[in-house]
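There's a structure below that I have some questions on.
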Amino acid sequence: MTSSRGVGIRGAGDRSAGDRSAGDRGAGDPPVIRVEGLTKRYGRRTAVDDLSFTVRSGRVTGFFGPNGAGKTTALKAVVGLARPTAGGAFLRGTPVTAVRPDARLLGVHIEPCGAHPGRTGRAHLRSLAALAGLPRRRVGEVLELVGLEEAARRRVGKYSLGMRQRLGLAAALLGDPEILVLDEPVNGLDPQGIRWLRTLVRERAAHGGTVLLSSHMLGEAAQTVDDVVVIDRGRLVHAGAIRDLERSGESAVAVRTAEAGRLSALVAAAGGRTKAAGGGGLLVEGLDAAEVARLAHREGVLLEEIVERTASLEDAFFGLTGGADR
Amino acid sequence: MSRLLRGELIKAVTTRSVLGFALGGVAFAALNALAIAAWSGTLDEVPEKEEALSALPILLLLWGLVGTAGEYRHRTAAPAALVARRHRGVVLSARITAYALTGFLLGTLTTMVSVGLALPLLSDHPGPDLTSGDVGAVVAGNLVAFVLSAILGAALGALIRSPVLGVVVLLVVNFAVVPLLSGVWEAGVNLTPFGAAGVLSRMTHHTTLSVVSAGWVLAAWTVAVTLVAVLVERRRDLA
């Protein structure tokens with residue numbers, strides 16, 4: 001697979017310091033996507049309930065939630081495929097219902113890939129290119145980009161899940177759009193494909209593009225995204241930078257020392273808290289490991305063991321969505 | 001509109017359905033020509049001979065219906081709507097036009113088979129021969145019935161959105177509702193799309209409805225259903 005927009009593939013394909021600064025450039029800009037009070041009901045069932053969040057340019061925003069949280073429904077409303085019961089979505093300040101659908105502005109991949117099983121991958125993309133008024137050569141370009149050139153003449157019904165996913169991504173990338181909205185894009189992709197996708201979305205964000213991608217696996221997608229929106233049962237439970245979510249997890253420092261009482265007093269004086277942990281150990285909260293180590297060294301308390309215990313993003317995600325209890 | 005039509009035409013002709021419907025249409029046209037002109041006894045009236053040249057417009061109704069409903073069944077309508085740079089009603093209009101054009105080509109093919117097979121066989125029958133004007137009128141009626149049926153089917157497909165349900169509805173109406181109506185109000189059958197298409201393609205003769213009037217009846221149904229489909233398309237969710 002090759003890279004889009006003529007940018008070389010970065011080694012890791014993960015979020016780097018350079019990417020973060022690129023993302024931060026968009027921090028003060030007006031949001032590219034603004035969702036306000038979005039509600040979608042199907043009969044008595046409320047799939048999305050009063051959802052509001054924003055997506056900024058130059059950022060990759062992850063849209064997370066457990067299965068059935070309403071992510072796909074919300075994304076369909078964001079791109080204009082579903083009509084909200086109340087509220088709405090805005091693209092660059094214009095209600096999405098008033099935006100002229102254009103492959104150059106908005107590239108969308110929502111599962112399933114939207115290709116007829118009896119049609120070849122190439123024919124599917126050719127029809128979309130014709131509908132979008134794009135040159136036919138774009139079909140070959142995106143097929144190469146997603147690594148489907150050899151399978152392009154096979155019928156979509158014969159494709160594996162990963163190949164259908166790649167075809168859906170190719171369709172989303174046909175117009176080299178400013179905004180990409182991808183629903184569970186890593187589903188069915190092999191590790192190489194996941195890495196390629198990470199690189200692709202990071203590069204697009206680094207070049208000022210906007211990416212909104214959904215997933216039910218926060219830990220996996222965390223390597224790619226700058227901002228997160230977490231929903232549960234159709235409602236917003238968290239929105240912000242992923243760094244804030246990473247920090248929001250309750251981290252603690254596990255310490256073993258023969259002078260537990262004295263260390264507890266020192267920690268309390270330094271603004272931290274301690275809890276007794278099994279085996280004569282202490283769990284220190286409110287100070288990081290370096291601070292605890294410096295404090296112990298300065299006061300001559302011998303530490304036999306010191307370990308920083310950081311809550312994982314999954315822990316934070318389960319804390320937000322109550323997923324661990326399901 | 002031309003790019004939309006081009007995109008929709010690519011979709012219409014790049015599945016195996018088009019081949020299936022072409023073969024089905026040709027097979028029916030051949031069977032109908034043989035059944036009427038060769039196997040059903042003496043034909044000594046012009047309307048009876050014209051019937052041998054008729055094809056099956058309901059096939060094109062199915063062509064449009066299955067194709068357009070399949071757009072929703074396979075979720076192909078959503079990506080098309082997202083790239084089209086026009087609102088969904090215009091996209092659906094382009095799709096329906098694509099089915100009208102392909103319907104015309106399929107209709108031309110099946111009509112050529114009907115005429116090519118039936119005319120030599122009809123020359124053996126007594127009574128007045130079909131003039132070139134008669135043949136031309138039957139061919140024109142068939143083609144109009146085919147195109148209008150394809151449009152009507154495509155519009156119905158956009159409304160029903162399920163190929164299986166659409167086919168079931170169509171068969172129930174054709175084989176249950178229309179015969180029931182015929183028992184209650186015989187002349188009313190010609191005012192249904194099926195009845196009008198039958199008159200227009202000469203499958204039905206000796207009716208009170210003229211061929212031209214049948215064309216208007218079928219056109220009225222087609223325009224009405226198409227307008228509803230286009231209006232509804234703009235308001236319904238996709239995918």
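Just so it is clear, glycine is given a Cβ too, placed from its N, Cα and C backbone atoms.
Because TrEMBL annotations are produced automatically, they should be read as predictions rather than curated entries.
I grabbed these lines from TrEMBL:
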TRANSMEM  B:21-40  transmembrane segment
TRANSMEM  B:52-72  transmembrane segment
TRANSMEM  B:92-119  transmembrane segment
TRANSMEM  B:139-160  transmembrane segment
TRANSMEM  B:167-188  transmembrane segment
TRANSMEM  B:208-232  transmembrane segment
Would you confirm whether the transmembrane segment (B:52-72) and the transmembrane segment (B:139-160) meet the contact rule of 3 or more C-beta pairs below 8 angstroms, pairs 6 or more apart in sequence?
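Touching, yes - the transmembrane segment (B:52-72) and the transmembrane segment (B:139-160) meet the threshold of 3 or more Cβ pairs under 8 Å.
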Where, among B:21-40, B:92-119, B:167-188, B:208-232, do we find the most CB pairs under 8 A to the transmembrane segment (B:139-160)?
B:92-119
Cβ under 8 Å, sequence separation of at least 6 from the ends of the transmembrane segment (B:92-119): give me the contacting residues as numbers and ranges.
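Same-chain contacts beyond the ends: 1, 4-5, 7-9, 11-13, 18, 21-22, 25-26, 28-30, 32-34, 36-37, 52-56, 59-60, 63-64, 67-68, 71, 80, 130, 135, 138-139, 142-143, 145-147, 149-151, 153-155, 158, 226, 229-230, 233.
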